[in-house]
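These features come from TrEMBL:
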TRANSMEM  25-47  transmembrane segment
TRANSMEM  263-282  transmembrane segment
DOMAIN    298-343  domain 'PAS'
DOMAIN    374-426  domain 'PAC'
DOMAIN    446-659  domain 'Histidine kinase'
Amino acid sequence: MTEPTIDFAVLDLDTRQLSVLNRRAMTWLVGMLLLVTLSIVLLALFLRTVEAQEEDRRRTADAQWLDQTVRFHLRRLEADLGVLALQVQRSEEPAPPALPGGQLWRSAQAIAWHGWLAADRQPAVAAWPLFLQSAAQHPDNAEALSAMLTTTRGLQRAAYAGPLPQAGDSRVQMLWLAVPVFERERFVGDYVAAIRFDRLLDSVIPPWFFKDHAVALDAETFPLAAAPPDKPSLYVAPVNLPGAPLRLRVDALDSRPALAPRIFFGIALACLAGMVVALYFLRRDTARRQRAESQLQTQMALRTAMERSVTLGLRAWNPDGRLLYANQTFCRMVGLAPHDILGHAEAMSYWPAGQGDEFQLLLQSASLPMAQQVGVEMQLRHSQGHLLDVLAHGAPLTLGDGRVIGWMGSVLDITERKRVERLAARRQELLEASGRLIAVGEVASTLAHELNQPLGALSSFANGLLNRMRAGSLTLEEVTPVVERMERLAEKAGRVIQRVNAFARRQEMSLQPLALNEFIARVAGQVPLPDGLELQLRLPEQPLTLPADALLLEHALHNLVLNATEWAIHGGRQPACVRISLEQDGGLAGIRVEDSGPGVPLAQRNSIFDAFASQKTGGMGMGLSICRSIIEAHHGRIEVATSADLNGAQFTVWLPLTP
């Protein structure tokens, strides 16, 4: 398979004419689809009409058959009752006739009761047989039975009544039949029979009809206890009986339409469906082409906008190293037009000669994972001659199957960033020099603070010793303790110099367990107190111990207490007061130094620990800076606030109880 050719001119193809043709084709397709849909709808309506007509014809035939069947068996029963009436006239014991057509006599309990009712006993209900009297107890039943008997006498033919509810069980419906008997045109009486309507239907309707139909009394004839919901397969079959017109409700259980129309409809529908599917696939193909064209146009517009807005210089080469593409950002970066650089494989004018071959350098950067992530710094030459610092990345151009069809490179102009980095490096050197000066200042200030007391004491002892020696009033025994004290003071001054030097160089501190109660009391006793100043100590009964460098921490606390004594006398409280307290908060020990002075303004609290920031006249501004450095070296922190009781400054030193 040949490799695809990269031709960016394809993106400039005009697809407007093709879009017009596609829109026309889409209009025809929509019209054809509507026509086919209309044909399907009309065919479905035609089939529905044919099936409805066939169903009406079948229902009419079933209703006529039911009417004929029920009336045939009831007429046969009328004849049988006439025979029984003749037997009664001959004073014979009536018995059901054993005739082949007498289905009602064969069915168990279909005829619930039958008997003779003479003409002279008909006017009085009390003279009726007991079964007939019990049925007449209901007012509606009595009226219907009387009407039935009156009809047989007046019309000289059989009459029916009901269906009427059975006495004692209203769920059982009885159809009453009375057959009159005349002797020489004189009415003799009626032979009456009570027929259970449900057993009547079971007897006269064959089982094959019940397989596909459910037959029951219609609700308009007799209100059923639980009528089923209306459905299309339900219809009513009338049965016309003299005196008792019946309506049978028939439910077609297996209402299967005619097969031939549906076969025709299925074939036509399959053909139309095939047309719809063909139109659908044709429309889908057209829609896909339109979407592809729209996406192509959108991608062209998007990529054009991206080319105009991207801040990276982008270039593309073919596998032979021929430059195929360069975006506008890269052209602006090197000050050249696209036609000046595209299509060339030799060294470009923007490429400095000392950097080697540009394409080979791109291949190396694209093959190294670290170079792909971090990039390679190189230089480009602007058309005006000055050099640009750029960060270049390279990557292969691959298809979906992994085949490499070229190489892509991006360059980011970092000339300004490199200039800022060089400026920042120079400033960092200046800051480090300033830091060294600050460290020297801290050492000098610490030496001044720590050596002031031992050197002052040495000077006092030396002057006193010199005066006594000049006066000749000094013995050897008196000289020895003075010299020993001077030796201890000199050793202390040496340790101070050694510890301060180690702190200034950030060397390892000598951490030893330090009892804070005794430590605070000792430091407070060493601070000279001005006249009229009260020093308060609030130490807990439970001793607190933490690892610390006693000499450095003594210097920090001594400085805080000394500052408090100097500022406390400038407040409005009389007498002036300095309070030193110790507390524990979880795993931290807090040493709080409060005074009754003017306090520290909020605007100065952020800068009070900076080096050379001092509020005292003639102060160096190194004391609190050194204190913070010592405390932070112990992994602690120092806070400044306003004292709630003394209304002056409050410095709190928090130190961890465990290393």
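Each residue's number is its place along the chain shown, starting with 1.
Any Cβ shown, glycine's included, is placed from N, Cα and C.
Using a Cβ-Cβ cut-off under 8 Å and counting only residues 6 or more beyond its ends in the same chain, the transmembrane segment (25-47) has close neighbours at 261-262, 265, 268-269, 272, 275-276, 279-280, 282-283, 286-287, 290.
In terms of DSSP secondary structure, the domain 'PAC' (374-426) contains 13 helix, 28 strand, 12 coil. Across the domain 'PAS' (298-343), the prediction's mean pLDDT works out to 80.
Counting residues per DSSP class in helix, strand and coil order gives 23 helix, 9 strand, 14 coil for the domain 'PAS' (298-343).
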